Structure formats: structure tokens, C-alpha cells
């Protein structure tokens with residue numbers, strides 16, 4: 001390879017002219033089977049450009065609660081429909097943690113209302129009888145007169161008759177003690193009332209209640225009222241001139257009074273009221 005003279009200027013190739021560019025292009029045969037149009041060559045119609053109009057709903061339906069058509073009288077079940085034999089077999093099959101099948105003794109026991117009422121009332125009556133007997137034996141005034149328990153199996157009617165007699169005696173004794181206790185309380189209250197009245201320390205109850213001698217107090221109030229009415233009538237008769245209207249003197253009804261000189265005057269009222 002000959003040596004390169006660096007002092008000699010290097011001439012670069014001239015770029016091609018615009019008229020020479022078509023000659024430089026490479027023309028390759030194009031197969032018509034590989035041609036594909038990217039878009040339709042037809043012009044769009046005006047009707048396709050219009051927006052779609054949806055039907056107006058009958059009410060507001062959010063996306064979470066769309067309208068669903070529920071068929072009526074339709075029983076949904078998983079799997080194929082059951083035959084008559086399958087339905088009969090299900091009625092007699094025992095499922096865990098479920099009611100017993102129909103026709104069994106346990107089903108009749110659990111669904112019969114009379115059996116439940118009989119059990120409930122029997123339990124309540126048994127508890128009431130036990131409490132009654134326990135209370136009677138703890139408060140009996142004549143425990144020695146009760147018949148022995150062994151007599152109930154040998155002579156049940158005699159045992160019950162004697163037991164009833166002892167219970168009747170016990171009730172009479174309790175009633176008599178209660179009446180005596182109430183009489184003592186009434187007598188103590190009466191003596192206390194008389195003592196307070198004799199010493200001037202009587203304190204009547206609220207509205208007249210709380211005292212023992214209600215009848216005597218009512219009679220005393222009626223007598224005091226009658227005396228006050230009589231005094232008021234005499235006072236009105238002394239003030240009037242004999243002219244009365246409805247049992248009340250006319251001058252008394254009008255509010256007039258007679259002074260020491262015998263003149264009739266109207267009473268002076270403060271602020272026109274009293």
C-alpha cells in the first residue's frame with residue numbers, strides 16, 4: 001500500500017443531485033395479497049355520527065341494585081327437580097341438629113301443645129304444693145296433732161281428714177291471734193289519743209287522716225259547723241233591718257255597715273279590693 005501524503009488535499013464526493021434521486025431508489029415488486037387498508041374508504045354517514053339514546057328508566061336504579069326480573073311461583077333448587085319418591089324419603093330422613101321427621105314419637109312429643117301444658121301446669125302446681133306444706137309445717141300451732149306419715153299408705157282417707165282438721169285449727173288460731181293483736185293496737189292508739197287530748201298535745205294528721213276516731217272527729221266537725229252557721233245567722237240578723245234576700249240581709253250582701261252614730265256606710269277598701 002503506497003504511503004499517503006498528508007499534504008495533498010482530500011477531495012470528498014459530491015452529494016447526489018435531486019434529479020438523480022429517482023434513479024437511486026430501489027424498486028421492489030409488491031404483492032397484492034399483502035395489501036390491507038387501515039380504514040374504510042367509504043365516507044361516513046351522518047346517521048352514524050349521532051349519539052345513542054337510551055330508554056328512560058322508570059326510577060333511579062344505582063349500579064349496585066339493578067333491575068331484576070323475579071319469576072313468580074318458581075322454586076329454585078340446586079340440581080335436578082326432586083321426584084315424589086325423593087320427597088317422601090326426605091320426610092322420613094333424620095338430619096343432624098334438625099327436628100325429627102314426621103310420624104315419629106319424638107316429633108309428636110315436641111309438637112303436641114297439650115303435653116307441654118300438662119307438664120308446665122304440673123310443675124307449677126307441684127312447686128306451689130311443696131311451698132304450702134313447708135310453710136304450714138314451719139308455722140303450725142299444733143304439730144303434735146298431725147298424723148304420722150306411715151298412716152298415709154295404710155289409711156289415706158283418715159290421714160287426709162285428720163290433716164285437714166289440724167289445718168283448720170291452725171287457721172283459726174292464727175286468725176284469733178291476728179284479731180287480738182289488731183285490737184291491742186287500736187286500744188293503744190285510742191289511749192294515746194286521749195292522753196294527748198287531755199294534755200293539749202293533740203296533733204291531727206294531714207287532712208284529718210292518721211287518727212283512730214274518725215267517726216267522733218266527723219261528728220265534732222259537723223257540730224262546730226252548725227254552731228258557726230247559727231252565730232253567722234244571728235250576726236247577719238243583728239246587722240240588717242229585717243230585709244233579707246235568700247236568708248241574707250240586703251245591707252250585708254252589699255257590704256254596708258252601721259257606725260256608732262247609726263249611719264250606714266260603705267267599708268273603705270284598699271286598692272278597691274279589700
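In case you wondered, yes, glycine gets a Cβ from its N, Cα and C as well.
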- Query: Out of 25-55, 56-86, which range is noted as region 'Disordered' by TrEMBL?
  - Reply: 56-86
- In TrEMBL, which of the ranges 234-253, 254-273 has the region 'Disordered' annotation? 234-253
- Which is it, of 115-133, 134-152, 153-171, that TrEMBL names as transmembrane segment? 115-133
- Message: Do any residues, 6 or more residues outside the transmembrane segment (115-133), come within under 8 Å Cβ-to-Cβ of it, and if so which ones?
- Response: 109
